[in-house]
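S.K.: Below you'll find the structure I mean.
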Amino acid sequence: MPSLEPWLWGDSCSWLGMLAMLRLRLHKSNMDFTCLFCCSLAFVLYLNTLGAGFVYDDRRAILANADVSGGTPWQRSFSNDFWGTPLTDSGSHGSWRPLCVLSFRLNYLIGGGFAPWGFHLVNNLLHCVATALVVRVARTLLASVWAVLAAGALFAAHPIHTEAVAGVVGRADLAACVCYLLTYLSYLRHMRWRESGDPRQWLALGATLILAAAGLLCKETAITALLVCALFDVMRGLSGQVDKQRLRSVCIVLGALFCMAYCRLVIVPGPQTAFSSADNPIARTPSAWTRLLTFLYLPVFNLRLLLQPNVLSFDWGMDALPRVTSLWDRRNAQSACFYSVLVGVAWGSCRQLLSGSKEVTHCGVSSTFPQYHIQKVASRKSRSKRKRLANNTKYQAFEAAYHQQQQEALPCRDCNNNNSSGYVYEGSSPVAQAPAQAPHLVSSAFRGSRSSSSCSNSTNSSSSSSSSSSSSSSSSSSLSGGFQCSSKDYALEGMSPANRHACVLIMSLSFLALPFLPASNLLFYVGFVVAERLLYLPSVGFCLLVGYGVSKLMSCNQRTRNILLLSFSLLLAAMSLRTLRRNADWRDEESLYRSAIAINPPKALGNLGSVLSSQGRYEEAKQVLQEAIRFRPNMADVHFNLGILHQNQQVYPAAVECFQRAIKFRPNLAVAYLNLGISFIALGKRQQAIEILQAGSNLDGAAVRDRTAHDQARSSAYLQLGALYVEQGKLQRALAIYREALSSLPGLPQQREILYQRIGDVLGRLQQWDEAERHHRAALELQPNQVAAHLSYGITLARNSSRASEAEMWFKRALKLAPEQASVYHHYAEFLSLQSRHHESAIYHRRAAELAPNDYTLVVAAATAMRLLDRKVDAEMWYRKAVALRPGDAHAHTNLGAILHLLGRTNHAAASYKAALRLQPGDAITLGNLAKLGVTNV
């Protein structure tokens with residue numbers, strides 16, 4: 001009877017192989033689901049940002065940036081800063097992020113303009129990509145699936161990321177993080193291909209450098225990615241994973257880092273002016289001791305934001321973070337503990353790696369003998385050198401050990417290959433094993449051979465039983481946290497447990513500290529104290545540390561694992577809820593500023609007052625702005641906003657006081673000069689207005705941050721000044737003012753177009769028709785689709801009776817460009833009225849009033865046009881609307897009384913006349929109309 005034992009043995013082996021393959025697929029499936037879960041969590045948590053608008057810095061960086069709206073060539077993004085100001089300008093912020101600006105421009109082109117949801121959607125997707133890359137990075141350092149899941153989920157849900165994702169300008173941090181992580185992963189691929197001798201290693205190295213440069217073009221902090229890559233390569237060498245090409249790769253990476261840093265710091269211009277004291281008051285503190293203690297505390301405070309993100313703010317400037325002025329401040333103890341732990345962990349990890357390197361050097365732990373030493377003889381061109389090397393006793397011993405290993409490895413070719421570095425782990429301590437014939441294997445971390453795998457053919461009963469017991473224990477632990485990442489992703493394969501522990505800690509701290517270092521104020525001062533969006537990239541290291549802690553705790557007993565899973569689930573839920581609530585704060589500016597009142601009262605209240613004032617909520621805005629001034633009396637912006645509020649309420653004396661205070665606290669605030677001049681004009685103080693407008697138009701703008709807004713305010717001051725001279729009949733003086741504005745403001749095409757129009761109007765009044773037409777043509781060349789240029793040209797031509805038909809053509813072109821603009825209909829109606837075409841004029845006057853029913857001037861013009869056509873009932877309707885718009889205007893009541901008089905409704909007419917006299921006693925026209933009604937006693 002034939003024996004069934006071989007068949008049963010073969011069948012059992014096949015089943016074991018199938019189970020092994022199934023388990024491997026489950027592991028891969030779990031890792032895919034990990035990435036899918038984390039990305040889905042990231043996307044869902046930020047879905048409520050799609051309905052948000054542009055807030056805070058978004059307005060200047062996006063809405064007011066010509067590099068985004070297409071007002072400048074796309075190449076200009078590389079010579080302008082993040083806000084659209086030339087880097088060579090004295091007021092440039094110095095932040096150079098051209099790729100981020102170009103992404104905004106692409107958003108603008110594809111989304112059909114400034115549609116906020118498109119910008120927010122891209123930010124959300126970038127956060128999902130960054131989350132997926134964090135999972136990939138975690139797989140390279142953390143062996144446990146639970147650790148990877150914890151790191152990825154925490155990164156997806158952490159509330160500290162809200163500013164970077166919900167604020168559109170945070171895209172710079174999102175894109176920099178994506179490039180940063182891709183740089184690291186690309187360099188890992190380069191290392192893997194380099195160690196296997198794959199020529200694609202150069203492709204991966206080139207991709208590493210390109211991605212690092214792209215990260216630099218997104219945000220400057222991403223340049224530290226090359227440091228992380230070089231550091232990991234060095235640690236691999238210190239851990240026994242030796243490769244003779246390591247030094248070459250590290251030198252290339254560090255050389256590229258130096259070149260990029262040189263280009264950014266030297267070739268690309270930096271900021272020309274210092275930041276304001278309100279942005280970083282600590283840097284302006286006279287006491288060096290206070291500056292040192294406070295800046296040493298800032299990393300501790302940022303770590304607190306990562307650990308406890310319940311108190312967040314859009315701005316941490318001014319005095320939001322109290323300064324550390326005394327050595328006995330308890331925050332110094334926190335700083336001391338923080339730096340002690342940081343230095344202790346870093347030093348302990350480095351000592352472990354260095355001691356492991358010495359052990360490798362002196363004990364010869366690696367069983368992966370470097371083959372290039374064996375081939376060294378054949379590569380020698382000189383026969384004498386080959387002979388001298390072959391006779392070397394150390395080389396002979398090395399070659400004998402190598403051939404012995406090759407012979408021992410032949411019978412076990414089909415054994416399991418774990419890419420071991422020669423350690424047999426007993427418990428947690430590594431035991432080095434190597435053939436006694438190899439006295440010296442590795443000279444240093446940068447010299448040696450490519451690591452390869454080895455196997456043992458020892459098959460005694462004790463090893464068999466130990467392997468079976470270890471397999472059973474590993475299968476039981478896999479249910480609780482022993483799921484291990486595949487060797488394809490895991491980059492610490494072949495290291496001892498102690499070296500793995502050291503590498504994970506150092507790499508996590510590197511991801512945490514290196515990107516944060518340029519913005520820490522420790523190396524050089526920056527224009528802020530704390531910025532939450534700057535923690536987006538460093539939080540990768542924080543999440544890796546948390547994930548590593550989870551993996552350690554998951555190796556404990558079942559009760560501890562259950563408690564850990566429950567606790568982490570609750571933590572993740574709390575983080576997610578906090579993120580959703582924080583997203584609601586970033587939905588609009590009012591909610592954002594209200595959320596920070598308790599943290600930074602002067603800045604939050606000042607910005608909130610401006611928002612409320614723009615919404616017409618004047619009384620509430622007034623209280624908020626006055627409260628902000630009580631917190632910080634020297635805020636020029638708040639005084640200016642309060643002046644604008646008074647100006648909108650036509651309380652001009654109070655507005656004048658506010659604008660004067662704003663100029664006192666910031667003498668180069670051009671827009672304050674402009675509005676102060678407008679307030680003086682409203683008060684009838686023409687001479688004072690001229691003096692203020694002249695001073696405002698002559699401001700040079702040195703050290704202002706928003707040069708575009710400053711120049712626009714200067715241009716408006718020139719226009720107001722010229723209009724004053726035109727009103728006074730000083731046409732030559734007005735002409736000189738407009739021409740001076742043209743010569744001093746060459747970089748504003750829209751403002752130049754208006755100036756050309758004004759010059760053309762003045763020249764038309766002076767009957768210099770050829771010059772007037774030339775300037776109007778110049779305005780049309782600058783802005784061919786500008787409605788105002790068409791209207792201005794038409795008005796000028798209309799003054800010349802011989803060119804009336806040509807003037808009408810330009811009015812009709814303006815109507816085609818702006819069929820819903822009331823002023824176009826009004827000017828065309830005025831032209832028709834001058835041509836005595838009153839029926840057509842009345843139609844266009846009425847259309848203008850219908851398009852702008854709250855415009856008093858247009859409503860009165862429509863009423864007058866109806867009266868001229870003897871359509872008294874229609875005229876009465878429009879005059880009543882005028883009275884409703886301006887019940888305090890005596891002329892409105894007089895006009896209504898006159899039309900009622902013509903309609904024969906004498907009692908109502910008398911009532912309107914009396915109302916006019918109450919507002920303007922003694923008006924001769926109104927008294928005469930009353931006398932016609934027979935009313936003499938008023």
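All residue numbers here begin at 1 and follow the chain in the order shown.
The backbone N, Cα and C atoms fix where each Cβ goes, and this holds for glycine too.
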S.K.: With Swiss-Prot as the source, do L133 and W316 lie on the same side of the membrane?
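M.R.: Going by what Swiss-Prot records, W316 is on the opposite face of the membrane from L133.
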S.K.: If Swiss-Prot marks one of N391, N800 as N-linked glycosylation site, which residue does it mark?
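M.R.: Annotation hit in Swiss-Prot: N800.
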S.K.: Residues of the same chain, at least six outside the transmembrane segment (140-160), with any C-beta under 8 angstroms of its C-beta?
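M.R.: Hits for the transmembrane segment (140-160): 27, 30-31, 34-35, 37-39, 41-42, 45, 127, 130-131, 134, 185, 188, 305-306, 309, 312, 481-485, 489-492, 500, 503-504, 507-508, 532, 535-536, 539-540, 543-544, 546-548, 550-551, 554, 568, 572, 575-576, 578-579, 582.
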S.K.: For the transmembrane segment (563-580), what are the same-chain contacts with Cβ under 8 Å, counting residues 6+ beyond its ends?
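M.R.: That would be 41, 45-46, 48, 150, 153-154, 157-159, 161-162, 309-310, 550, 553-554.
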S.K.: Can you say which of 715-748, 788-821, 822-855, 890-923 has the most Cβ pairs under 8 Å with the repeat 'TPR 3' (670-703)?
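M.R.: Looking only at 715-748, 788-821, 822-855, 890-923, the most contacts with the repeat 'TPR 3' (670-703) come from 715-748.
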S.K.: Using DSSP, tally how many residues of the repeat 'TPR 3' (670-703) sit in helix, strand and coil.
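M.R.: Reading the DSSP string over the repeat 'TPR 3' (670-703) gives 25 helix, 0 strand, 9 coil.
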S.K.: Within the same chain, where does the repeat 'TPR 7' (856-889) have neighbours whose Cβ lies under 8 angstroms from its own Cβ atoms, ignoring anything closer than 6 residues to its ends? I mean 6 or more beyond.
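M.R.: Here the qualifying positions are 822, 826, 829-830, 833, 838-839, 841-842, 845-846, 848-849, 895-896, 899-900, 902-903, 912, 919.
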S.K.: Which of 209-229, 511-531, 534-554 shares the most C-beta pairs under 8 angstroms with the transmembrane segment (250-270)?
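M.R.: The stretch I would name here is 209-229.
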S.K.: List, by number or range, the same-chain residues at least 6 past the repeat 'TPR 6' (822-855) whose CB is under 8 A from its CB atoms?
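M.R.: Residues 787, 791, 794-795, 798, 804, 807-808, 811-812, 814-815, 861-862, 864-866, 868-869, 871, 878, 881, 885.
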S.K.: Please give the sequence-distant neighbours of the transmembrane segment (165-185): residues at least 6 beyond its ends with Cβ less than 8 Å from one of its Cβ atoms.
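M.R.: The answer is 46, 49, 52, 54-58, 61-62, 82, 97, 99-100, 103-104, 116, 119-120, 122-124, 126-127, 129-130, 133-134, 136-137, 140, 208, 211-212, 214-215, 218-219, 221-222, 224-226, 228-229, 232, 314, 515, 533-534, 536-537, 540, 582-583, 586.
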S.K.: Same chain, outside the transmembrane segment (35-55) by at least 6, Cβ under 8 Å from its Cβ: which residues?
M.R.: 62-63, 114, 116-117, 119-121, 123-125, 127-128, 131-132, 134-136, 149, 152-153, 155-157, 165-168, 576, 579-580, 583-584, 586-589, 592
